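Per TrEMBL, these features apply:
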type	residues	note
BINDING	C65, H69	Cu cation binding site
BINDING	N469, A470, I471, K472, D516, K532, T547, L551	ADP binding site
CROSSLNK	K716	ubiquitin cross-link
DOMAIN	349-586	domain 'Histidine kinase'
DOMAIN	614-731	domain 'Response regulatory'
MOD_RES	D662	4-aspartylphosphate
TRANSMEM	20-41	transmembrane segment
TRANSMEM	53-71	transmembrane segment
TRANSMEM	83-109	transmembrane segment
Amino acid sequence: MEYCNCFESPWPADELLMKYQYISDFFIALAYFSIPLELIYFVKKSAVFPYRWVLVQFGAFIVLCGATHLINLWTFTMHTRTVAIVMTTAKILTAVVSCATALMLVHIIPDLLSVKTRELFLKNKAAELDREMGLIRTQEETGRHVRMLTHEIRSTLDRHTILKTTLVELGRTLGLEECALWMPTRTGLELHLSYTLRHQNPVGLTVPIQLPVINQVFNTSRAVKISPNSPVARLRPAGRYMPGEVVAVRVPLLHLSNFQIHDWPELSTKRYALMVLMLPSDSARQWHVHELELVEVVADQVAVALSHAAILEESMRARDLLMEQNVALDLARREAETAVRARNDFLAVMNHEMRTPIHAIIALSSLLQETELTPEQRLMVETILKSSNLLATLINDVLDLSRLEDGSLQLETGTFNLHSLFREVLNLIKPIASVKKLYVTLTLSPDLIEHAVGDENRLMQVLLNVVGNAIKFTKEGGISICAFVAKSDSLRDPRAPDFFPIPSDNHFYLRVEVKDTGSGINPQDIPKIFMKFVQSQPLATKNPGGTGLGLAICKRFVNLMEGHIWIESEGLGRGSTATFIVKLGIPAHSNDSKLPFLLKVPGNQIKLNFSGLKVVVMDDNSVGRMVTKGLLVHLGCDVFAVASGDECVRAVTSEHKVVFLDVSMAAVDSFEVAIRIREKFSKRSDRPIIVALTGNTDRTIKENCRKVGMDGVILKPVSVDKMRSVVSDLLEHGYLVESQ
């Protein structure tokens with residue numbers, strides 16, 4: 001039997017075709033598995049895509065298809081060549097299409113996201129912007145109300161106006177039925193109703209501050225809703241209505257620990273006022289967040305405004321108090337100045353008036369001393385002179401101290417011989433020391449320059465006071481005076497922290513040490529030594545004489561000369577050492593021996609007679625006129641005494657050598673007489689020497705005397721020796737080198 005060959009005989013698969021199928025199945029499976037991953041990414045990113053489950057099912061289907069192709073990799077069988085070509089072609093096409101789809105989705109997904117997702121995104125954004133715009137409008141409205149309220153509040157600094165304006169503006173802005181402010185009482189234990197909006201309740205109601213609702217509000221800075229039935233919210237009369245919502249907020253008060261403002265309490269701890277706001281009754285209206293924020297902001301603004309008002313009120317009260325104090329101080333200053341002027345005028349008058357009789361006593365006593373006296377009479381006259389000189393010294397001390405304290409005393413600096421000053425002091429002190437049988441030594445350092453610039457008279461006064469004080473309290477032994485230039489390392493003294501000497505080429509510091517072997521000083525009394533009217537008690541009892549002004553004046557003079565003075569003593573009976581340092585200038589030619597100065601010689605060593613010297617004395621006081629004339633007559637002068645200026649001008653001739661003019665407090669007449677005398681004699685050689693005789697120590701008197709052409713000033717009292725020295729100086733120089 002013959003068989004029909006209907007099918008082609010099996011043909012073994014070509015190895016190349018099998019390889020192509022295998023690779024195609026692999027890529028198809030890879031594409032199927034990648035597409036679900038891309039869909040999952042799309043679903044995750046597209047939060048608004050509505051068909052998520054469809055995409056999930058589609059992804060599962062693709063995964064299954066890919067799995068079938070993956071399984072095919074292991075289920076290859078022998079096929080005919082035609083079938084193998086068809087399967088290969090189909091798989092290649094499937095692989096190409098699958099890969100193209102997978103690649104296409106990569107580009108399509110962003111486009112899909114940008115279409116539907118953007119639309120929904122914009123809708124969501126629009127809704128969000130609407131909400132934000134509503135919030136912004138609300139905030140702007142709140143801010144506008146806050147600015148309006150702040151402007152109204154800050155337009156005044158009166159606290160009552162601030163609080164009333166706040167309630168009115170809040171009521172108008174928020175449409176409130178009632179608004180009230182509770183303020184703390186002085187005790188801080190209660191709140192009292194101080195202000196209301198509608199005035200429906202009497203102001204002055206009080207509630208305890210420890211109420212739970214009040215503590216709840218005070219414990220937070222936010223506005224708190226409270227029950228309409230709470231004690232602080234019962235602001236309306238009882239009735240049948242549905243009360244509106246009520247909120248309360250605290251208002252911080254200024255920390256007032258140092259002052260008290262009228263009827264406000266003095267606050268030493270943090271305290272608050274309570275503001276209560278009530279919506280209209282029988283309304284469904286509720287408090288909104290922006291309204292609560294507005295209330296909170298206004299409460300803070302009120303607190304700031306109240307603090308400013310409190311500060312303003314306190315500052316105004318402080319200003320008024322300060323003005324009252326300034327007025328009182330100005331009145332006290334004027335009274336003090338008046339008192340100082342009165343004191344100075346009194347001292348000036350007393351100085352002049354006391355010097356006039358002392359002048360008579362000393363002058364007449366000195367005249368009497370030069371007559372023939374019994375020993376007993378001479379002792380009496382010497383006692384009168386000693387007491388009179390002591391009184392004159394006391395007057396000088398009181399006047400100097402007064403001028404030092406009010407600052408009117410100024411140093412009169414000039415060039416003088418420093419060595420001669422010490423020798424003159426020694427000559428003045430030796431006679432006094434010899435009476436007590438005390439030795440006095442003077443040691444001048446070789447490096448101490450001869451001439452210096454300073455106030456010679458005040459330096460001599462200090463030196464005489466210190467040395468005289470040492471002699472006064474020394475009974476045996478002696479006093480040694482040592483003067484030298486202070487070295488820079490010895491200038492600073494821990495006892496005087498305010499003394500700051502500054503070395504310079506134009507000046508030097510003179511150091512003077514006065515040692516005595518006297519009774520010494522108790523160390524605890526040393527700080528009191530330089531106080532006025534104070535003496536060491538043991539010394540004061542043993543030496544009742546003295547006023548305690550000498551060293552006090554010395555200290556002030558030394559301070560005026562930019563120096564320092566102190567006293568050292570090891571105790572009673574062991575002596576003491578007084579040391580002072582003063583600042584003196586160095587003249588341009590310190591070694592020039594031709595510098596003009598008058599060598600002063602003690603009066604008791606001058607024995608001159610001025611017989612025939614014609615002198616005119618003008619003094620309106622008969623006693624003073626008689627005394628001055630007596631002194632000059634005793635010296636041998638031919639004296640013509642007058643009582644008025646006209647008589648003096650008529651009496652003066654070219655034969656008169658000296659004219660003594662008494663200068664009183666007013667001094668106008670004496671100055672006029674001096675001017676008229678100068679005008680009367682055109683030639684200098686014909687004009688007599690004009691000398692002022694005064695009891696006034698005022699510096700302006702001396703300056704005015706020089707301005708009107710007087711040739712010198714003599715300060716009362718005047719003894720015979722002093723007058724002799726003055727006349728001698730006048731005849732030798734034609735003028736007084738310095739005031740006598």
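Cβ from N, Cα, C; glycine included.
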### Query
In angstrom units, rounded to an integer, how far apart are the Cα atoms of N469 (ADP binding site) and the residue listed as '4-aspartylphosphate'?
34
## Note on the structure
Given the recorded positions D516, D662, the candidate whose Cβ has the fewest other Cβ atoms within 10 Å is D662
### Task
Check each residue in the chain of L551 (ADP binding site) that is at least six apart in sequence and keep those whose C-beta is under 8 Å from its C-beta; list them in sequence order.
N465, V466, N469, I529, F530, I567
### Query
When the pLDDT values for the domain 'Response regulatory' (614-731) are averaged, what is the result?
85
### Task
Using C-alpha atoms only, work out the spacing between K716 (ubiquitin cross-link) and the residue listed as '4-aspartylphosphate' and round it to an integer in Å.
10
### Message
Tell me the Cα distance separating C65 (Cu cation binding site) from A470 (ADP binding site), rounded to the nearest angstrom.
### Response
136
### Query
Between I471 (ADP binding site) and C65 (Cu cation binding site), what is the CA-CA distance rounded to a whole number of Å?
140
### Task
Give the residue from the binding-site residues C65, A470 that has the most other Cβ atoms within 10 Å of its Cβ, counting over every protein chain displayed.
A470
#### Entry: Candidates K472, D516, D662 (recorded positions) - the one closest to C65 (Cu cation binding site) by CA
D516
#### Entry: For the recorded positions K472, K716, the one whose C-beta sees the most other C-beta atoms within 10 angstroms
K716
### Query
Rounded to the nearest angstrom, how far is the Cα of D662 (4-aspartylphosphate) from the Cα of K472 (ADP binding site)?
35
### Query
To the nearest whole angstrom, what is the C-alpha distance linking D516 (ADP binding site) and the residue listed as '4-aspartylphosphate'?
42
